[in-house]
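What follows is one structure encoded as structure tokens, with my remarks underneath.
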Amino acid sequence: MSRSKKLIVTALFLIGACILLYPAVSNKLAERHQAEMISRYEQTVEELPKTDMKSEWEKAVKYNESVTGMSVEDPFILGSGSVLPGNYKDVLNVEEKEGVMGYIEIPAIDVMLPIYHGVSERVLRRGVGHMETTALPIGGKGTHSVLASHRGLSTAKLFTDLDRMKEGDLFYIHVLDHLLTYEVDQISVIEPEDTDALRPIADKEYITLLTCTPYGVNSHRLLVRGEKICDEIVKKSEEKESDTAKKERDITEMIAYGAAVFALVSLFVAAVAVCVRKMKKKRRTRGRKKKAGKRSLKRRKR
């Protein structure tokens, strides 16, 4: 095989390897970014004075009182919903640079995602967006918060596995120094314009997780509704892993991930080597046959 052909074959295998590895690599990078946002938020909350913490919570309660009865939008249809109170971006915005209001933890599908203000396309690709015309995710009688995200992205997991959740599963909302626990009590699929299921109900405390469905078609909306069963003030020393434990976990994950990438690349390199050997062998065989043919012709002429 000529040198140029070898380079072409190698390039094709490397391109194939990149295509194969792209979803895993991009998802890992997204997870790292999400973890950084959560860590930064926790650090900000940790340093927040108690008086400011109480003030922020009270501001969120007042905000929820002001949105009661407002119409609900569809986060995937631009321009739907109502006009927001003017102070929306200022409420639960202790981490001002990124606009993170808290984070959600869903053990059943193994995700932990930052919650951002609003449901812009940028937000829905980075984490979970809070639908502005619904109550902020702090609980309270008669509140119904809606949190939305994408599924099926090649660059991030997000709500891709939301359809795997079942009634009775728990998810957790971390806001300021509060840990709110919700139990899934209803799972449904609706038309995009049918937002009645997202309206608040008196004396109930709901959060609905929303994404598009069916996978890849996105013609409907999957709703996973949870009812609050617990709200507790959590000391950061109890809620967070120690820095050492986090570092050890991160190192373990990176080693495992690096080993997987190395194994895949090694397989591709090995495949290239095998193909090159086979081609060389075929070339040698053809060369021998040609030489043998020429010799036989010479003998016949004699």
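Yeah, the Cβs are placed from backbone N, Cα and C, and that goes for glycine too.
For H150, the entry in TrEMBL reads active site, proton donor/acceptor. What TrEMBL lists as active site, acyl-thioester intermediate is C212. The region 'Disordered' annotation in TrEMBL covers 281-302. The transmembrane segment annotation in TrEMBL covers 254-276.
Recorded residues the residue listed as 'active site, acyl-thioester intermediate' and H150 (active site, proton donor/acceptor) have their alpha carbons 7 Å apart, per Cα-Cα distance.
Under a cutoff of 8 A between CB atoms, and with a sequence separation of 6+ in the same chain, the neighbours of the residue listed as 'active site, proton donor/acceptor' are L124, R125, A156, L158, F159, T211, C212. DSSP assigns C212 (active site, acyl-thioester intermediate) to a strand segment in the three-state reduction. The number of other CB atoms found within 10 A of the CB of C212 (active site, acyl-thioester intermediate), across every protein chain shown, is 23.
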